């Protein structure tokens, strides 16, 4: 082994060998359970101690799980067995299970996985328990669990050894069960609205659909450079061109960027597209869907996050980005007429910008540096500048802006959406402008995608599209402060 075994580990290895010597498989086979601990409690906890005595003949059960506590000496003892649904107490007596199985019980360690068959009863303190008639060792644990009273105190160890976190931390287990339910309800909502779930490539020849730095890989057989996708967008819009009018995909996206409490190099997104819709329709859909998910998973659309009550039930605020900046700073970007004027205002208000930035970039910097973190309750910010929205349709009344929105809750972006740009000539011009930005040092600027332009030339109907970061949504709905708390296996720097 790569590490020296401590005394407890050595004792467990010795017990392992003793089991082999007795002809007992310490890594047993299938065990048929009658239910989870929660099922037993739901069915039997309603009865009194006396009623359970009367019903003993009908209360035969079989449970399995991990030994989390163990106490008792002599010819009887108690333990708590933990399964996915929680814990239930077992009571093991020598005269009930026999000498051989009682020896198994006596030598069992915390962390061992056991199977118990028996009948239901209540102790003198009223705790629902299983009186063992048969005790089986299913898996011998060769390492001791973390201290039962303190669990995993090292937050980094919780992330690196998630299996230990799940064993010892009920809140973590509940978070990941709710994550699964959130994604399930998202699918239910969209499927009921007539959307079709699809799968598109994760390796792209061109990194597109978002402003981000990609991971690069190489296909040896084809001698081709490929990029792990930074967005799902462009393939889904090709499907809209092809006549699949309402599509969505839930999948992994990869961005070669920093790691923080809000960012992981690989994360989960949903993107959806609806033909003959615009960003107003998508705004309505987003609000309705998130509210539905909260109600179905949590039982309420008023959720707690970091001590704050977030009201997903009431109508969400809708605010133009220019109005949001004006409310926060007094600067009215509707009246700003040139890049130079915007740069002067940035300097006046202490906004950090790059020399190459234009009007739209500077407006966005005002928003990100002065407004974004103040948006605690659900707020749709719409009307983003054209310069930072290369795939969104221009607003017909003021072409400086696009028909785009982002959703902010607890000071974080949770969704990005727009009326899709379906004019291939305009789209090509936007890509060309992005290439200029890339040449000026913007690593996140969009590449030219001639194949996508060709698809648009066949005609894409008016379309509304949406992207939601599922990890951030799960953070919100589970009151989790870090993205690592909602990823089973987050990226960790090598030790």
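Note that Cβ sites are derived from N, Cα and C of the backbone, with glycine treated the same way.
Proximity of residue 406 (Mg(2+) 1 binding site) to non-local residues of its own chain (separation of 6 or more, Cβ distance below 8 Å) is seen for 380, 381, 382, 384, 413, 415, 416, 417, given in sequence order. Residues or ranges marked as Mg(2+) 1 binding site by Swiss-Prot on the basis of sequence analysis: 406, 413.
Reduced to three states, the DSSP call for residue 413 (Mg(2+) 1 binding site) is strand. Around the Cβ of residue 413 (Mg(2+) 1 binding site), the number of neighbouring Cβ atoms within 10 Å comes to 17. Feature annotation from Swiss-Prot assigns Mg(2+) 2 binding site to 413; the stated evidence is sequence analysis.
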